[in-house]
Amino acid sequence: MKTLVIASLSGGQGKTTTAFFLGKLLSQSAKVLFIDADPQSNLTFFLGHEVEPSAPTLLELIKDMVEPADAVYSLANSNQFLIPSDDGLSNAQEYLASSGMGAVVLKARLKPLSEYFDYCIIDSPPARTQISIATIGAADQLLIPAEASTKGVNSLIRTLEIVQSLEKLGAFTGSILGVIPFRDKWFGLSQSKDSAGAIAAMKEVAPQLRIFPSILESERYKQALNQGILLSELGYPDLEKPFEGVKEALGIKQLVQI
């Protein structure tokens with residue numbers, strides 16, 4: 001199982017959007033385990049899962065209260081599975097902080113599941129917390145969405161800083177797959193100056209990293225999320241280019257549409 005963490009240390013950077021559509025695309029040819037590591041639980045909602053009272057979630061998995069398999073739920077698609085979250089996930093902060101091994105706890109908890117799935121997609125929380133540190137520590141590869149704005153550039157910088165600090169401690173042993181610009185604004189065939197400037201700044205901040213095609217500013221993403229479907233199913237396959245680019249980077253050949 002390859003664990004791909006979607007991380008960016010600010011809100012509104014496209015983490016859940018990226019996790020949802022990338023995981024859906026990968027599940028066309030592989031078994032995918034989604035993990036919602038954000039107490040806001042947006043990924044859980046968009047994937048159509050409702051957490052039942054007393055049902056195991058990521059919190060119970062992190063705290064080693066259940067067997068890993070007991071926190072995994074099957075979704076409508078037979079190749080898609082989910083470890084959900086709810087607002088109780090915030091209670092994991094103290095546990096991770098006091099464990100002395102917070103950065104590696106999630107990686108250890110997921111190890112027994114590795115033989116059952118091809119990919120694990122983790123939607124990380126939007127702040128520098130013990131949970132976000134644990135998700136980064138679990139990553140084989142890290143994908144950083146960043147809004148095509150000054151806020152997005154700052155989020156990229158902060159994310160790279162925490163990755164570097166964890167790498168120095170030996171808590172992050174993976175690699176950074178690249179950056180996906182989010183909410184790239186275009187007016188017809190013309191890109192906005194703010195978006196162009198922000199993406200140029202991203203390239204300056206991280207010249208060694210691959211910049212994937214942008215997630216454009218479009219209501220179509222929200223429509224597809226709300227319906228729980230791919231953009232291609234909505235009739236807008238061109239808007240999936242960022243996620244197809246990530247598939248290519250992962251070494252997965254694009255499926256031929258018949």
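Count begins at 1; order follows the chain as displayed.
Using N, Cα and C of the backbone, Cβ positions are placed for all residues, glycine too.
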Fill in: Which of Gln28, Gln40, Gln164, Gln208 belongs with Gly11, Gly12, Gln13, Gly14, Lys15, Thr16, Thr17, Phe182, Leu216, Glu217, Ser218, Tyr221 in the ATP 1 site listed by Swiss-Prot
Gln40
Response to the item:
Given that Swiss-Prot records Glu147, Lys151 as binding ATP 2 in other subunit, the matching residue among Arg109, Arg128, Arg183 is Arg183
Worksheet item: Taking the Cβ of Thr17 (ATP 1 binding site) as the centre, how many other Cβ atoms fall within a 10 Å radius?
Response: 25
Practice prompt. Find, for the listed binding-site residues Gly11, Lys15, Arg183, Tyr221, the residue with the lowest Cβ contact count at a 10 Å cut-off, counting only other Cβ atoms.
Written response: Gly11
Discussion item. Sequence gap of 6 or more, Cβ distance under 8 Å: name the residues on the same chain that satisfy this around Phe182 (ATP 1 binding site), in order along the sequence.
Written reply: Gln13, Gly14, Thr17, Thr18, Pro145, Ala146, Glu147, Ala148, Gly152, Ser214, Ile215
Worksheet item: In sequence order, which same-chain residues at least six apart have a C-beta under 8 angstroms from Lys151 (ATP 2 in other subunit binding site)?
Response: Ser10, Gly12
Worksheet item: Where does Gln13 (ATP 1 binding site) sit by DSSP, helix, strand or coil?
Response: coil
Worksheet item: What is the interatomic distance between the Cα atoms of Tyr221 (ATP 1 binding site) and Arg183 (ATP 2 in other subunit binding site), given in whole Å?
Response: 10
